[in-house]
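Here TrEMBL flags 1-63 as region 'Disordered'. According to TrEMBL, the compositional bias 'Basic and acidic residues' annotation covers 1-16, 48-63. Under the heading transmembrane segment, TrEMBL lists 115-137, 157-183, 227-251, 257-277, 289-309, 315-335, 439-457, 463-484, 491-516. The domain 'CBS' annotation in TrEMBL covers 687-748.
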Amino acid sequence: MDGDSPRPPRLPEREGSYNYDIESMDGSVSGGGGPPWRRQNGSSEALLRYDDGGDGDRGSTREPLLRKRTMNTTSQIAIVGANVCPIESLDYEHAEYFEVIIIVFCFQCRYFKAFFVYGGCNLVLAASAAAICAYIAPAAAGSGIPEVKAYLNGVDAYSILAPSTLFVKIFGSILGVSAGFVLGKEGPMVHTGACIANLLGQGGSRKYHLTCNWLRYFKNDRDRRDLITCGSAAGVAAAFRAPVGGVLFALEEAASWWRSALLWRTFFTTAVVAVVLRGLIEFCRSGKCGLFGQGGLIMFDLSSTVATYSTPDLIAIIVLGIIGGIFGGLFNLLLDKILRVYSIINERGAPFKILLTITISIITSMCSYGLPWLAACTPCPVDAVEQCPTVGRSGNYKNFQCPPGYYNGLASLFFNTNDDAIRNLFSNGTATEFHMSSLFIFFIAIYCLGLVTYGVAVPSGLFIPVILAGATYGRIVGTLLGSISDLDPGLFALLGAASFLGGTMRMTVSVCVILLELTNDLPMLPLVMLVLLISKTIADNFNKGVYDQIVVMKGLPYMEAHAEPYMRHLVAGDVVSGPLITFSGVEKVGNIVHALRIAGHNGFPVVDEPPITETPELVGLVTRSHLLVLLNSKNFMKGRVKTSGSFVLRRFGAFDFAKPGSGKGLKIEDLDFTDEEMDMYVDLHPITNTSPYTVVETMSLAKAAILFRELGLRHLLVVPKTPDRPPIVGILTRHDFMPEHIHSLFPNLNPHKYHSASMAG
């Protein structure tokens, strides 16, 4: 630098400050050309040199520019031309923070895309299931067990066992399970078995060209009822692979009438189901059938666990039974309220049914995809029998974004088949496999999703949600009480499932046997029995079983095995309602046609009057279906003449009066008569049931109800007590025994008062 050149300004120095070498004004580097920053042993601390402020020539071009290290609070300055100006540095560094934002965004975008794919697939499957159910067969929604139970009680509701219902039940159940809903296939399989049995009982289907002549021998209510009972047992046997449990389910829950012949028939049916299942499983073991061939007839084999229990274990099991009863009663209460809300939505039409199903599908997908993020990754056990983490669709250890060698316990329950999720909870020697927080989250999710899912327009069962929720809180209790109990948490999961089944469905014997057949764990029989009895007893204090509640909610006139206490204070004549329509033994065609058109009754008393008899006399009962067959033949007479039975038998075949198939019977609107035919007569004696069940009008209504139910009647004739009156007072049907009808006749009747009195007595 020239001597007359202005010297750059110097910053004031502070004594004792640290100074570091920077590049000289002439471009040389002090300190032997070393860099201005030197690290000591790789540390981030710069090597600094202390300046003692000597007297060296500061004007020399070789003198380094010294500056004290102070806090820089102003802009840097430099000489630009002849002026001292502030400067700014240019940023040539690559923007790494922006790259981090892009990476995070891509990371989040990738998982959002994954959720949209996952939820979208579930949404399409759910909407498809709801569409075929809402537009083709609305009766296929739900489990179908309440409908089968009502049919076997004597209620033939519209299309509950029709071929269209069977079709939707099969494919809708497949779509619903595939959509990830918290539902099971066991209830729909019971309904499916009943539909197949009904199809056989009515001789096939003419509409779909599936008829067999030899099946016409079963075209009556009694044989069809037995076939449907066998079909429901077969559905349970196929769903749970529990043939004996299927028989007991039909006996305890489905059938209202049982006899010894029906026992061996259902046993034979479930035995055939077991043989066919075993053959298909052997065929599918090579992997040709997906997940079907895994597990054999014992789906959750716990026989390797030695169940030894002591007094503290029994106390823990009693606590588990009480919890199951409380949770079961609460489940039924909440489900009743939710279904009543759903019924308001579903009554608005098929689009609203589909919209409701889509909404629940989105909620389910959000829960199953989002909740596993709350769980921590767990190291794979060193002694794991299966591959950890799992590779493929089925397994115990789901990775779900965990590093190699780790698994996500909550994802292992959500992202799995229902069978594998139950198998994980029932597994032995895995006390540390699931974190307590994961179990709590899974229980709350399954409990709530099971409530909101049942009732949408999709075939859905309650067994799987109940077993999953019960097994989860059973495992929680087993883990919490591990210090005082010797039972494995997997066995507590089994007992929890039993307690929740008993608390919701109120079945004991059938559930006990089904669980034992599922697990092959006979030593657990006493504990399962105990927990079932406790949970059922506790829950019965709150409400009825879940299927009984749904039967009442659907308005199906189901008759209980026992009569209500207030019925003891009424007689049969008190509830008979009119007007009563009777026919003469030889009746005018016009009178019959008019009565069938204005009345919806299905049974009509036949009374002979003079001149056929000296005094009015009750002949019997004739049904609407038989009257329509007789009118359709148009074998009329011009005069009121009684004919012989052979006269009618020569004109009709043996199966002309058989029970028609679903929706195939004659209707009065289908018949057309001329004025001349309307003035003719027809003899009703050959088609009249001359030995109907009758009760005197003064019989206790409770006795009449028990008689009606035990004999499986459709009509019960009420006759007068004194002979100087008309021979018939009225007809009792199952609607006359319903509480709603009785309360409408006697508004001041307080059923709770009589119930309390009977309990006190």
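For all residues, glycine too, the Cβ spot is worked out from N, Cα and C.
Note that TrEMBL annotation is computational and uncurated.
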Same-chain residue ranges lying at least 6 outside the transmembrane segment (227-251) that approach it to Cβ under 8 Å:
145, 148, 151-152, 161, 184-186, 189-198, 200-201, 218, 258, 262-263, 265-267, 269-274, 277, 295-299, 463, 507, 509-511, 513-514, 517-518
For the transmembrane segment (463-484), give me same-chain residues lying six or more residues beyond its boundaries with a C-beta closer than 8 angstroms to one of its C-beta atoms, as numbers and ranges.
182-187, 239, 312, 316, 319-320, 323-324, 327, 331, 418, 421-422, 425-426, 431, 434, 436, 439-440, 442-443, 446-447, 449-450, 453-454, 490-501, 504-505
Give the nonlocal contacts of the transmembrane segment (491-516) in its own chain as ranges (CB under 8 Å, at least six residues past its ends).
236, 240, 242, 244-245, 248-249, 251-253, 302, 305, 307, 316-317, 320-321, 323-329, 331-332, 422, 425-426, 428, 462-463, 466-467, 469-475, 477-479, 481, 485, 522, 524-525, 527-529, 531-536, 538-540, 544-548
At a C-beta cut-off of under 8 Å, are there same-chain residues at least 6 beyond the transmembrane segment (315-335) that contact it? List them, or none.
309, 447, 450-451, 454-455, 466, 469-470, 473-474, 477-478, 481, 484-485, 487, 492, 495-496, 498-500, 502-504, 527, 530-539, 541-546, 549
Rounded mean pLDDT within the domain 'CBS' (687-748) lands at 91
Beyond the flanks of the transmembrane segment (115-137) by at least 6 residues, Cβ under 8 Å
159, 162, 164-165, 167-169, 171-172, 175-176, 178-181, 350, 353-354, 357-358, 360-362, 364-366, 369, 456-459
Please spell out the DSSP helix, strand and coil residue counts for the domain 'CBS' (687-748).
23 helix, 12 strand, 27 coil
